[in-house]
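See below for the structure under consideration.
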Amino acid sequence: MIALVDYGGGNLKSVANAIHALGYEFKLTSSPEEILSAEAVILPGVGAAADTMAGLQSKGLDKAIKELVARDIPLLAICVGMQVLFDYTAEGDNTKCLGILKGDVKRLPEGLKIPQMGWNQLKQRVSHPIFEGIPDGIDFYFVHSYYASPADPGIIGATTDYGVDFCSLVISKRLIATQFHPEKSGSYGLKLYQNFFKMALGDKK
């Protein structure tokens, strides 16, 4: 089962449409038990990190997400879903986050149009199955004002330049996290979802 985490926010409809377009079944859930019994989990994200953390904590989903990563259950985290995996974010009043990944989340540099909203290039830093069939340098769709700064550069799977060369994709064991929105990124965004599901589920749908 694929679990799509419902914490009271996030880009649920477009993510759900992307999953359906690929022919996969999923369950929209806010149950920690269902999330921990899933074969793959998607943590979507739109909006403020503090609101996301409050939504997760109110349903006990913060602990469930920490546990699923500890169990090495495949997780795909998107946009704010990626940011809250780190220790804290500069958004708001240095909001404390999940601390699954070491590092913090910084604001994009002043002097640029913020938020970054639109297409930007993904520069692949490693060879990995998540990039299968996706040429290096393809544009993906971004909407964000903050970016993750991992303490361990070894988890940086791709970077993007917007005044600063920032981490736009994380790979850590079976955890994949993207600053961009694959569900809004056309055929290559769908391909990234497909690659994640293939890594998690094999040929099963």
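Using N, Cα and C of the backbone, Cβ positions are placed for all residues, glycine too.
According to Swiss-Prot, the protein carries these features:
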ACT_SITE  Cys79  active site, nucleophile
ACT_SITE  His181  active site
ACT_SITE  Glu183  active site
DOMAIN    1-205  domain 'Glutamine amidotransferase type-1'
Cβ neighbours within the same chain of the residue listed as 'active site, nucleophile' - under 8 Å, at least six residues apart: Asn11, Pro44, Gly45, Val46, Val143, His144, Thr178, Gln179, Phe180, His181
Proximal but sequence-remote residues of the same chain as Glu183 (active site) (Cβ under 8 Å, at least 6 apart): Asn11, Ser14, Val15, Asn17, Ala18, Ile78, Gly189, Leu190, Tyr193
Neighbouring C-beta atoms (10 Å sphere around the C-beta of His181 (active site)): 22
